[in-house]
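Below: one structure, written as structure tokens.
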Amino acid sequence: MKALSKLKAEEGIWMTDVPEPEVGHNDLLIKIRKTAICGTDVHIYNWDDWSQKTIPVPMVVGHEYVGEVVGIGQEVKGFKIGDRVSGEGHITCGHCRNCRGGRTHLCRNTTGVGVNRPGCFAEYLVIPAFNAFKIPDNISDDLASIFDPFGNAVHTALSFDLVGEDVLVSGAGPIGVMAAAVAKHVGARHVVITDVNEYRLELARKMGVTRAVNVAKESLNDVMAELGMTEGFDVGLEMSGAPPAFRTMLDTMNHGGRIAMLGIPPSDMSIDWTKVIFKGLFIKGIYGREMFETWYKMAALIQSGLDLSPIITHRFSIDDFQKGFDAMRSGQSGKVILSWD
């Protein structure tokens, strides 16, 4: 079958032929319809330090997708041929304390689709049936294909009560923009997002944020004053991994504020811990999606009127995958969809 693979330990990704995957007793075989390019896929394309330490070569990559069930393992229940599904990209062990306690998103033995095992940039994908999620009929293939990153946004945004709160989102990448849209949709008062990429800030404006602030040109404190905010932000969603952005967040949080961190900062990032201590801040690390509470919330948010369509900016046939990666690497895109039909 046709697949996009990391074939060489260097920059790039290549179209190749690989054998169709075999279906185990507890697996589903999924015929892929659409995939989306993740920032992780760009890291793998660029062959950065993380990729060199993590990705086996050769490897079929990709983990954002929607497809149709075309094969079912003999032990599987609850699915049928023809079901439209996406799936959780974190494969968990099922036997550690967190898995047995129902906190599967915190499994210490997680493996990743398209990272540690073959991914979805292929005509067919096999995953454990446990990881598959049926897509409601009134959710499009395009939106279903970005449920993985949307889930990161939902998990981060809904970590804390947002109703009537003032929310700061640092980082206007696709996940940050979607998190800001979720916060506004569920009833936050002011949702302010910061970045230095004007293209992506404009996407955030299209998604309905209160203010999208280019911190290279505008002072966040001035924006807060303009909005009548006298005590700081109640909730911070750190999506950038940029040390200056996190330090600004600590400066502008209200006392007792709550921060959810999805962005991955450098390991040697230094901050003024007195601001965390004397403000009584609560900081929560976010990894992936809660299984499967986040998935049900994603579907419900879209069905209740949350419009994510502006975040999908580019669509290509899989044969034009290079154009898709070029768009993602340029920084002048939202989500990029590759069609396998």
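Every residue, even glycine, has its Cβ placed from backbone N, Cα and C.
Binding site for Zn(2+) 1 per Swiss-Prot: His63, Glu64, plus Cys38 from the candidate set Cys38, Cys93.
For the NAD(+) site, Swiss-Prot gives Asp195, Arg200, Leu262, Gly263, Ile264, Ile286, Tyr287; the one candidate out of Ile175, Ile302, Ile312 that the record lists there too is Ile175. Of Cys93, Cys99, Ile286, Tyr287, all annotated as binding-site residues, the residue with the shortest Cα distance to Thr40 (active site, charge relay system) is Tyr287. Of the listed binding-site residues, namely Glu64, Asp195, the sparsest CB environment within 10 A is found at Asp195. Straight-line distance linking the Cα atoms of His43 (active site, charge relay system) and His63 (Zn(2+) 1 binding site), rounded to a whole number, equals 13 Å. Here the C-alpha separation of Glu64 (Zn(2+) 1 binding site) and Gly263 (NAD(+) binding site) works out to 19 Å.
Each residue in Thr92, Gly94, His95, Arg97, Asn98, Arg100, Thr104, Arg108, Asn109, Thr110 lies on the same chain as Cys93, Cys96, Cys99, Cys107 and has a C-beta within 8 Å of the C-beta centroid of that Zn(2+) 2 site, without being one of the site residues. Between the alpha carbons (Cα) of Cys96 (Zn(2+) 2 binding site) and Ile264 (NAD(+) binding site) lies a span of roughly 25 Å. Sequence-ordered, the extra residues of this chain that approach the Zn(2+) 1 site, with Cβ no more than 8 Å from the Cβ center of Cys38, His63, Glu64, are Thr35, Ala36, Ile37, Thr40, Asp41, Gly62, Tyr65, Gly89, Gly114, Gly119, Cys120, Asp148, Pro149.
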